[in-house]
Amino acid sequence: MQFGVPLLVLCLALGSTEATISLKLVSRLYLPFDKLPVGGGAGGAGGAGGAGGGGGGGGGAGGRGGGGGGRGQTGGMYALNNGVAFKSAYDMDKQLAYVGGGQFVQIVDFSDVVQPKVVKQIATEGPVADIAECGDLVAFTQPGKPHFTDVGSLKIYEKYNPATMMMKELCSVEVGSQPIAVRFAQGCSLIIVANEGVMGENNYTKKYVNPEGTITTVRLAGSVSNGPSQQIVNTTFGAGGPMMTTPMAGFPRGTTWSPNAGAGGQGGQGQYPGQGGQGGQGGQGGQGQYPGQGGQGGQGGQGGQGGQGGYPGQGGQGGPGYYPGQGGQGGQGGQGGWGQGGGQGGQGGGNNPQYPMIPTTPLPGTICNGTSTMSYVVSQINFHKFNAPAEVQRLKALHVRQPYTGQLGDPGPHTFSRGLEPRHITLDQQEQIAYISLQENNAIAVVDLNNNTVIDILPMGVKNWKGLKIDASSADRGILFQTYDQLNSFPMPDAIETYYDAMGDLYVVTANEGAKPMMAQCSLEVCPGGPGEFEEVEIGEEFIVEELLPQPVIDSPLGQAMAEETQLGSSLFSMVDGINPAEPEFFNEVFMFGGRGISAYKVDPITMNMTLAWDSGDVIEKEIAKFFPKIFNGAAFSRPPQRVKPFMTKDSRSSGRGPECESLAVGDVQGRKLIFVGIDGVSALAIFSVAPGNSTPVYESLFKDGHIDASYNALYKNRKTGRVSGTVSMYEVIDVPYWMLLKTLGTNIEGSSAISMTSSAFSIFFAFLSGMFAIFMKM
């Protein structure tokens, strides 16, 4: 590896002959924060095959037959922590990543997985909050102007066309305040936006604004002008056949399947001496009767033969099922050229549902920019029905939070709906229902996408730490796990995803990061008579010193621990929850923020209610302590970067939310569902799996690469940092024998391989490229 340390992939104790799931770095590309480099990107990691050339600008030497590094970076500005790669989306068909940052959307070409390169930049005139792709479209959200509390926007673009090197803007749609998440659904015909509605003092209007948290749906119709894919695709669909009487494994109960398959596409022609053409995508499956499943997708075409010294063609992707048919088998890999073996088969079509593409007839709505054939209809979904006093009382009793109720003295209004802050979006398999996390509120909203209504708000409740280990103090200056049987915390999930088990039951997975405690300010000019600032947390010791809890609680083991700085005395507890209604200045109970792990909730298909089926407990924090003790509960980035080294931040987050499990990605590999968890604090990935026939996850390993032995600035200059620098990386998913992991760990016994990646959220996405299952992490 180019970082000078072995790959560390970590796992729980397994038998010596058993293997665990891990990651292996394939390539990493540093992105500029101002303009495209003139001389090409930094060289990537070497590939397999004959000897490749050396990489310029820090690129690694190619392996046998692998590509050399790119030309040196002769243009563009590169710097640490500049928000270059905040969110990303990946087009598997064209092998292009769309990476959104503070000033640009940058298009990265991964057709050469060893040596990716930036092929286009789109100036965005402001930061990109989130980005998604589907079909011929790319969509990203941006906060409002001139102030972040103003209405934000959704930008819809035609995808990058390699032939014209253009990416045309189609639509600009007003959404809600702080549009933090975007997701396509229903065959690219629907875009869902979560508008967080964060409050703040508007310096332009001289008002304190607490916008409504809302959800925007944008229904699309018409067509775009982008040319056809370079991949040869067979468009002959299989006819719908007789439906089976039992559902396919992994599909919802009560569904059936029409098994007819479409034909496979033809393989592309190899180009001497370059890479062979990609096999065509298999035909789309036939349509079954609703709610039956559509036909199985066709087998992907055979990849083209590689030229001398070139890469073999990738097998075609299996055709998608129709509604929601099983995906087709991946095509056979093409024959390799000199020095190469045959390419691996392409990805089989996913079991996710596929809808007809965007209707070709425009809707009676707004016509998009630059086209007379694309139109959209916007719907705004609010939470007003939950403002009824009975609803507020019901939800608060279930620990659905409303942290801010006017504590700064602003005129308001301070309705319950204004306190709700949607953050992340996931979907059921039919893409009829959206599940949207309300992190600050410790809840998940269930949204009917066909009727544009919120069905319910589901509470995430509390996590009790009885029997579990936790290091909840930064004052002990080290790793000190203790057990507090009376300690409770709010999970407060950030990212959420879904998966189906073999019985067809739906599970919602949550990354229980815990919300960042609110620290709000309002000038006396805008909030006359107010306190000027509001904080929703206080250290545990203050609850005891000020006698804010009932005497039995103060005398309990929990109260005694809260009196000790090295136990729970320096831990942060909520000042807006557990309040005594008869005496609001006192508390009946206390709660910390975050679950320090992930959870899986089983969804009732009739009531839509969720039941906790599994929680990761304390495994993530304990595994970080075991394998990365030097940066345990550390910070991903700290100032001043020219002096601070990553290991200096050790234990700094223990009093708060600990590891901060922030993001999620779920995928299928060789029959196993894999769950990747982005851990913000130490910038690592925890890997869990759900085996065929099982319903709940099992911990696999912990992954991290890089160094911690120099300042952040020095690590960046030596290309040994990750996400703080604004990079995009590809990792191969591999099985590693446990004995090999132990041997690898022996080369770095102090666990000093870790490196900061950034303080912002991970963005993880999956792709099948060059026969390998890869994880792309915006880093």
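The backbone N, Cα and C atoms fix where each Cβ goes, glycine too.
Residues or ranges marked as signal peptide in Swiss-Prot: 1-15.
DSSP gives N203 (N-linked glycosylation site) a coil state; it is part of no helix or strand. Sequence-distant contacts (6 or more apart, same chain, Cβ under 8 Å) of N203 (N-linked glycosylation site) comprise H147. The N-linked glycosylation site feature in Swiss-Prot is assigned to N203 (among others); the stated evidence is sequence analysis.
What Swiss-Prot lists as N-linked glycosylation site is N234 (among others).
As annotated by Swiss-Prot, region 'Disordered' applies to 249-363.
Residues or ranges marked as compositional bias 'Gly residues' by Swiss-Prot: 262-351.
Look at N369 (N-linked glycosylation site): DSSP puts it in coil. Per Swiss-Prot, N-linked glycosylation site is recorded for N369 (among others).
The N-linked glycosylation site feature in Swiss-Prot is assigned to N451 (among others). Taking all protein chains in view, 10 other C-beta atoms sit within 10 angstroms of the C-beta of N451 (N-linked glycosylation site). A coil conformation is recorded for N451 (N-linked glycosylation site) in the three-state DSSP classification, outside any helix or strand.
Under DSSP, N609 (N-linked glycosylation site) is assigned to coil, being neither helix nor strand in the three-state scheme. Sequence annotations record features per position, and here Swiss-Prot assigns N-linked glycosylation site to N609 (among others) based on sequence analysis.
Between N369 (N-linked glycosylation site) and N609 (N-linked glycosylation site), the C-alpha separation comes to 41 Å. For the pair N451 (N-linked glycosylation site) and N609 (N-linked glycosylation site), the Cα-Cα distance reads 19 Å. Counting every protein chain shown, the Cβ of N369 (N-linked glycosylation site) has 12 other Cβ atoms within 10 Å.
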